[in-house]
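Per Swiss-Prot, the features are as follows:
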- 37, 38, 39, 40, 41, 72, 110, 139: 4-amino-2-methyl-5-(diphosphooxymethyl)pyrimidine binding site (BINDING)
- 73, 92: Mg(2+) binding site (BINDING)
């Protein structure tokens with residue numbers, strides 16, 4: 001079930017958008033996203049009540065279409081909203097502590113290598129986000145790209161872990177990422193910066209699903 005939810009994972013905050021974030025999410029949902037992460041970080045990001053209000057409106061849209069709503073690195077916000085889960089990075093709150101706080105909500109953990117995958121699983125993570133696969137412009141603090149070979153390496157040792165790949169993934173590279181062993185792709189700019197968001201999202205969704213069906217996943 002989780003592996004299906006990860007197929008097209010849209011990550012977004014207000015500063016990622018050149019259009020109204022609510023309109024962007026509406027178009028992305030129509031195009032076929034299967035999971036959504038609210039990531040309000042970086043210079044100019046909303047805080048306090050403004051952040052809460054935007055998250056609340058985005059959550060309402062996800063609820064209407066049964067799209068899991070994940071909050072990036074803000075357990076308090078996730079609990080206040082009754083979101084579906086939390087995603088944390090290696091430099092964020094410790095995964096074990098987050099699991100204790102959120103109970104049976106979804107827990108996702110950013111990883112960059114096999115050792116971090118094993119630690120995430122020990123913390124009872126529901127999925128891992130591996131990346132950046134390719135160089136990315138969406139995160140100022142992004143680590144060095146790990147490439148498709150890291151997906152293959154992790155999949156060789158952890159065949160069952162739900163794994164979504166993130167970082168510089170485009171319409172041109174999505175198929176390769178799935179073929180390497182990822183259960184889905186997580187994208188920010190590939191949707192946020194698209195001129196026609198619905199059409200771009202639909203193409204990405206169809207590409208991922210074709211690749212997954214071909215690989216019998």
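Glycine is no exception: its Cβ is also placed from the backbone N, Cα and C atoms.
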Taking the Cα atoms as reference points, how far is residue 38 (4-amino-2-methyl-5-(diphosphooxymethyl)pyrimidine binding site) from residue 73 (Mg(2+) binding site) in Å?
9
What is the one among the binding-site residues 39, 41 whose Cβ has the most other Cβ atoms less than or equal to 10 Å away?
39
Pairwise Cα distance for residue 41 (4-amino-2-methyl-5-(diphosphooxymethyl)pyrimidine binding site)/residue 73 (Mg(2+) binding site) [Å, integer]:
9
10 Å Cβ neighbour count around residue 40 (4-amino-2-methyl-5-(diphosphooxymethyl)pyrimidine binding site)?
24
Helix, strand or coil for residue 73 (Mg(2+) binding site)? Use DSSP.
coil
Rank the binding-site residues 37, 72 by how many other Cβ atoms lie within 10 Å of each Cβ and give me the one with the fewest.
72
Per DSSP, to which secondary structure element type does residue 41 (4-amino-2-methyl-5-(diphosphooxymethyl)pyrimidine binding site) belong, with helix, strand and coil as the options?
coil
Between the Cα atoms of residue 110 (4-amino-2-methyl-5-(diphosphooxymethyl)pyrimidine binding site) and residue 73 (Mg(2+) binding site), what distance do you get, rounded to the nearest Å?
11
How many Å separate the Cα atoms of residue 73 (Mg(2+) binding site) and residue 40 (4-amino-2-methyl-5-(diphosphooxymethyl)pyrimidine binding site)?
9
Residue 110 (4-amino-2-methyl-5-(diphosphooxymethyl)pyrimidine binding site) falls, by DSSP collapsed to helix, strand or coil, into strand
Could you state the CA-to-CA distance between residue 72 (4-amino-2-methyl-5-(diphosphooxymethyl)pyrimidine binding site) and residue 92 (Mg(2+) binding site) to the nearest Å?
10
Tell me, by DSSP, whether residue 92 (Mg(2+) binding site) is helix, strand or coil?
coil
